[in-house]
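For K123, the entry in Swiss-Prot reads active site, N6-AMP-lysine intermediate, with the evidence type sequence analysis. Taken from Swiss-Prot, the feature NAD(+) binding site covers D41, A42, E43, F44, D45, S91, L92, E121, R144, E184, K300, K324. The Zn(2+) binding site annotation in Swiss-Prot covers C418, C421, C437, C443. Here Swiss-Prot flags 607-694 as domain 'BRCT'.
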Amino acid sequence: MSSPEADPIGPEVLQQWRKLTEEVREHQFRYYVRDAPIISDAEFDALLDRLTVLEEQHPELCTPDSPTQLVGGAGFMTDFVATEHLERMFSLDNAFSGDELNAWVTRIRAEIGNDAHYLCELKIDGVALSLVYRDGRLTRATTRGDGRTGEDVTLNARTIEDVPERLTVSDIYPLPEVLEVRGEVFFRVVDFQALNTSLVEEGKNPFANPRNSAAGSLRQKDPAVTAHRKLRMICHGLGHIEGFRPATQHQAYLALRDWGLPVSEHTTLVNDIAGVQGCIAYWAEHRHEVDHEIDGIVVKIDEVTLQRRLGSTSRAPRWAIAYKYLPEEAQTKLLDIRVNVGRTGRVTPFAFMTPVKVAGSTVGQATLHNPSEVKRKGVLIGDTVVIRKAGDVIPEVLGPVVDLRDGSEREFVMPTTCPECGTTLAPEKEGDADIRCPNARSCPGQLRERVFHVASRSALDIQGLGYEAGVALLAAQVITSEGDLFTLTEKALLRTELFRNKAGELSANGKRLLVNVDKAKTAPLWRVLVALSIRHVGPTAARALATEFGSVDAILAASPEQLAAVEGVGTTIAAAVTEWFTVDWHRVIVNKWRAAGVRMVDERDTSVLPTCEGLTIVVTGSLAGFSRDDAKEAIVARGGKVAGSVSKKIAYVVVGDLPGYKYDKAVELGVPILNEDGFRLLLEQGPPVQQVVD
């Protein structure tokens, strides 16, 4: 069959060809790269046929890179071509102390006075990216590079869920003709961990930290690889812009959000340096409540006119600074891997390392969780490893520095018998990652850990019964199990040197311990349930069980189906609770505690009225009279629920200092907002409470 005779190419034909080519390439990209087609195969075939016919009629349009000449996803490869930014992409100057921050404030006040407002943002530990939109359509994505020229990674950026292909038209902020927006590409911690797991399963080296993995994933030659890695992005600044001029940085973020671009929920506008310092202090304590890595707070002058007056140096804007927290990662030598037996019998490998200073404290040990995790992380004894200590979180080994290996490293071999009691180790069931010691009742290691857990803050919170005290009581056989804790006497404590003073009498610590043990007998039922060391039962599930059933006896009598039906419990926890109560010696512990006077029923304070019953409440910012846990406890105790995000279903948003974008979201959705006084009023009298904000 001969080809149709070639016709002259007119402007309409050329426009039609360009439109068809663009459509076909777009759908090929969605199908082969993003794995997320939006039209059927038949519809795509029809588009491709139309393009093929058009090129047969006009052979000069049929170029080697036409979709009709390429197979499948061919042609979608990132070449990292050097590309100039429309406007220079600066770095930030850093402050590592309060003095350095104050010095920056002093410098800028000398030029712009004291009337400026400050915008505080989380400094995301990721990789910088610049997006360019023309008439609302994404046309280019470029890495920072040297600030003037970066690498074109447009195809890869298009696979990021948060990066819109087209901007949303806003009723408030006009779409710019040209918009160059800057942001940070990163991994959520949970997605980083999942990526490393898959890499190890494929026999590849895992990434040492989320930042490295974000950079590596963004710079893949094959965009399909990037598409299958769950990169995220948050925008934090503007470059070149035509057709819109925000008056403030805060207004710019509101506009970006309206246009469908991702902005942080945790940006806070403050009036003075005291507000800045408060923000820095707050996030130093709460930084690990965010689902991605942060390494500081970025402080910016909010007013754009003042930003222009301050200008920039050769590398950084003078109107912004990054306050950096103490580094949470460090490199050190992995000297050995040894195992520890936990309270539920799980045998956990621990890394023993050359002590190193990280996040303000010295770290020499870190958990490796289980043998599968050791393999997933790819660490060998003798490796130089990257460790992380996140605030109060237990130190963690992130991975090895493979380039520093010298061949002397060796693999860790999991022991086959318990190091505490000699019992053969095994997974509880086939396929489990955790290896356990089945000698639950009498294994010294498990017994020690259970006693320590009973006294922990999340359980009965018995001051004075720390690890050393628990070991001493067991060693002197003052107690033989956690069941004996509530029958402690002065005479029994005198058998341990730890609780005797020089005169041979009971020490002050011993007296305090007896008082605190007695006090723990009246703890709420949920704390008793946590203290029993039932697998999977933490404070949340324990509260739900205590509220629903009201007593240990009722929980014991409930069927697995009844337990699982409780919100916050589910089938896994229900099965664990049912199984725990079938063990004879477990019931012996319950009966010993009951006989000693431990409260086994949920005796609720009748003075606490159910003022929040049926309400779902969000708490954001820092409250003066409540810790975050106290506020949650107060709401739950009154029958309410606590949510982590704002939606139209939320009854109230309680706002403290530095509330961030949850406050803005509440305003946008019309959700009632309460300050701390309003919150107290709600707790006391229940709804309706008139919106109360400062």
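Note that Cβ sites are derived from N, Cα and C of the backbone, with glycine treated the same way.
From a predicted model like this one, the values you see are computed outputs, not experimental measurements.
A separation of roughly 59 Å, to the nearest angstrom, links the Cα atoms of K300 (NAD(+) binding site) and C421 (Zn(2+) binding site). Secondary structure from DSSP puts K123 (active site, N6-AMP-lysine intermediate) in a beta strand.
Distance from the CA of R144 (NAD(+) binding site) to the CA of the residue listed as 'active site, N6-AMP-lysine intermediate' is 16 Å.
Taking the Cα atom of each, R144 (NAD(+) binding site) and C418 (Zn(2+) binding site) are about 52 angstrom apart. Taking the centre of the Cβ atoms of C418, C421, C437, C443 as the Zn(2+) site, the nearby residues of that chain (Cβ within 8 Å, site residues left out) are V341, G345, P419, E420, G422, T423, L425, P438, N439, P444, G445, Q446.
Its Cβ placed at the centre, C418 (Zn(2+) binding site) has 23 other Cβ atoms within 10 Å. Taking H, G and I as helix, E and B as strand and the rest as coil, DSSP gives the domain 'BRCT' (607-694) the counts 29 helix, 17 strand, 42 coil.
Classification of K300 (NAD(+) binding site) by DSSP places it within a strand.
Neighbour density for C421 (Zn(2+) binding site): within 10 A of its CB lie 15 other CB atoms from the protein chains shown.
DSSP assigns E43 (NAD(+) binding site) to a helical segment in the three-state reduction.
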